[in-house]
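Annotated features in TrEMBL:
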{"type": "DOMAIN", "residues": "2-145", "note": "domain 'N-acetyltransferase'"}
{"type": "BINDING", "residues": "ILE69, ALA70, VAL71, ASN108", "note": "acetyl-CoA binding site"}
{"type": "ACT_SITE", "residues": "GLU103", "note": "active site, proton acceptor"}
{"type": "ACT_SITE", "residues": "TYR115", "note": "active site, proton donor"}
Amino acid sequence: MNTISSLETTDLPAAYHIEQRAHAFPWSEKTFASNQGERYLNFQLTQNGKMAAFAITQVVLDEATLFNIAVDPDYQRQGLGRALLEHLIDELEKRGVATLWLEVRASNAAAIALYESLGFNEATIRRNYYPPRTVAKTPSSWRCQSVCKTRWNNEVGLDFL
């Protein structure tokens, strides 16, 4: 059974473990600790009581930025990333957030397909955003205008910057 709940400070060691396994350039423990608090909306997804994924999002006024999302490699390809991201979008909408931003490597086809299916579009390209030792292509900056309200209301459109 999958459960989504707030990611608390006490959950950071488990999230950090997933981070180490899921990302080529993982955050440090210090970075994890600094992305907690009042202006953050952070969630974890557990499967049968074990953390399988997490999302870290900063909210400022009516905009949010998804700083980090990861699914443990043992749990990938089960729709957990989608479920977590849909939950996040729903919660942001309840809080009146109009735009959700995220960064994604141009070479991360699976993530881009997920984001596009949820209404995200490419807004700009940030050159040299990721470490130079990566083999990834130039990363892109993506946004979801009106926090994907197009899922429910076709009158709200997505536009490019």
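Please read every residue number as a count from 1 along the shown chain.
Using the three backbone atoms N, Cα and C, a Cβ is placed for every residue, glycine included.
Secondary structure at GLU103 (active site, proton acceptor), taken from DSSP and collapsed to helix, strand or coil, is strand.
Averaged across the domain 'N-acetyltransferase' (2-145), the predicted model reaches a pLDDT of 87.
Sequence-distant neighbours of ALA70 (acetyl-CoA binding site) (same chain, 6+ residues apart, CB-CB distance under 8 A): ALA15, ILE18, GLU19, ALA22, HIS23, ALA53, PHE54.
In the three-state DSSP scheme, ASN108 (acetyl-CoA binding site) falls into the coil class. Between the binding-site residues ILE69, VAL71, VAL71 has the most other Cβ atoms inside 10 Å of its own Cβ, all protein chains included.
Residue counts for the domain 'N-acetyltransferase' (2-145) by DSSP state, with H, G and I taken as helix and E and B as strand, are 47 helix, 50 strand, 47 coil. Of the chain residues outside the acetyl-CoA site list ILE69, ALA70, VAL71, ASN108, ALA22, HIS23, ALA53, ASN68, GLY81, ALA111 have their Cβ within 8 Å of the site's Cβ mean position. Counting only the Cα atoms, the space from ASN108 (acetyl-CoA binding site) to the residue listed as 'active site, proton donor' is about 11 angstrom. The residue listed as 'active site, proton donor' sits 11 Å from GLU103 (active site, proton acceptor), counting Cα to Cα. Counting in whole angstrom, GLU103 (active site, proton acceptor) lies 11 from ILE69 (acetyl-CoA binding site) by their C-alpha atoms.
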